[in-house]
Amino acid sequence: MQGGNFSSATEFILIGFSAFPHLQLMFFLLFLLMYLFTLLGNLLIMATVWREHSLHTPMYLFLCALSISEILYTFAVIPRMLADLLSTDHSIALRACASQMFFSFMFGFTHSFLLTVMGYDRYVAICHPLRYNTLMSPRGCACLVAWSWAGGSVIGLVVTVAIFQLTFCESNEIHHFVCHVQALLKLACGENVSILAMGLGLVCITTLLGCCLLILLSYAFIVATILRIPSAEGRHKAFSTCVSHLTVVIEHYGFASVIYLKPKGPQSLEIDTLMGITYTVLTPFLSPIIFSLRNKELKIAMKKTFLSKL
């Protein structure tokens with residue numbers, strides 16, 4: 001299926017890992033271990049919050065929602081990637097490709113929205129502590145989580161519908177290991193492809209930058225408030241509640257900027273594949289580690305809930 005018109009194609013070929021033919025078994029074992037650790041880490045966080053009543057607060061409700069979005073994101077992408085590493089058949093059906101794109105964008109942007117909500121939660125807790133219970137009521141928190149999921153769903157639907165109404169006529173080989181937007185745009189033909197690519201890029205970048213700016217604004221107020229605390233111990237205690245969230249934000253947007261803000265131009269398959277691994281495997285892998293190690297309350301609760309029974 002090289003060349004010709006593939007507007008009615010029923011499948012694509014994912015060739016991302018063909019750039020590393022001798023490393024595929026090693027990649028499979030490494031990514032499998034990282035995937036299992038990601039699942040275990042997020043499930044441990046959720047189980048700890050569920051069982052420890054002292055963690056039944058908005059901050060940890062949002063953390064549980066974040067863990068769910070990470071589990072679902074990795075489930076939408078990594079099992080298929082692991083299967084391709086062991087198989088010689090790298091074809092993916094058109095509907096499966098569309099589904100993978102929708103769910104990866106949905107859960108990925110839900111993750112960004114939830115990080116923004118968590119930044120707002122820290123802002124209210126530190127800058128307006130007396131109004132915290134009012135502003136972060138159970139109903140209000142549930143609405144923030146629901147709107148985050150709704151926002152992610154809308155972005156996923158818009159991107160997926162826009163991409164799969166295109167005509168694909170260059171080839172059916174996707175130069176990636178997932179159904180990646182930029183890789184599919186390279187296969188499309190027609191006068192509106194460049195306009196669509198610019199529009200989708202604008203939507204994604206504007207959304208991510210908007211979330212990032214809201215988080216930065218929250219932390220600007222947080223830092224200003226912390227600096228007004230007279231005691232060093234009080235400043236340290238206030239800032240310590242933000243460290244894990246801030247670290248995950250830096251990691252999340254750092255890797256996202258590599259993908260969305262990289263210079264335009266020809267890229268080798270090897271570079272595209274390695275860059276894709278950062279946000280597909282590495283980011284979800286690091287997130288539960290950061291929250292578990294950098295959040296003192298959560299770390300103590302995990303030891304109390306699980307290690308005390310060993």
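Residue 1 is the first one shown; counting continues down the chain.
Keep in mind that glycine also has a Cβ here, set from the backbone N, Cα and C atoms.
Model, not experiment: these values are computed from the prediction.
Per TrEMBL, the features are:
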- 41-291: domain 'G-protein coupled receptors family 1 profile' (DOMAIN)
- 25-47: transmembrane segment (TRANSMEM)
- 59-78: transmembrane segment (TRANSMEM)
- 98-120: transmembrane segment (TRANSMEM)
- 141-164: transmembrane segment (TRANSMEM)
- 195-227: transmembrane segment (TRANSMEM)
- 239-261: transmembrane segment (TRANSMEM)
- 273-293: transmembrane segment (TRANSMEM)
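Contact between the transmembrane segment (59-78) and the transmembrane segment (273-293) is supported by 3 or more Cβ pairs under 8 Å, counting only residues 6 or more apart in sequence.
With Cβ pairs under 8 Å as the measure, the transmembrane segment (273-293) is packed most heavily against 25-47, out of 25-47, 98-120, 195-227. Only residues 6 or more beyond the boundaries of the transmembrane segment (239-261), in the same chain, are considered here, and those with a CB under 8 A from a CB of the stretch are 59, 111-112, 115, 118-119, 122, 125-126, 201, 204-205, 208, 212, 215, 219, 222, 226, 275-276, 278-279, 282-283, 286-287, 290-291, 293-296, 298.
Taken together, the residues in the domain 'G-protein coupled receptors family 1 profile' (41-291) have a mean pLDDT of 88 on the 0 to 100 scale.
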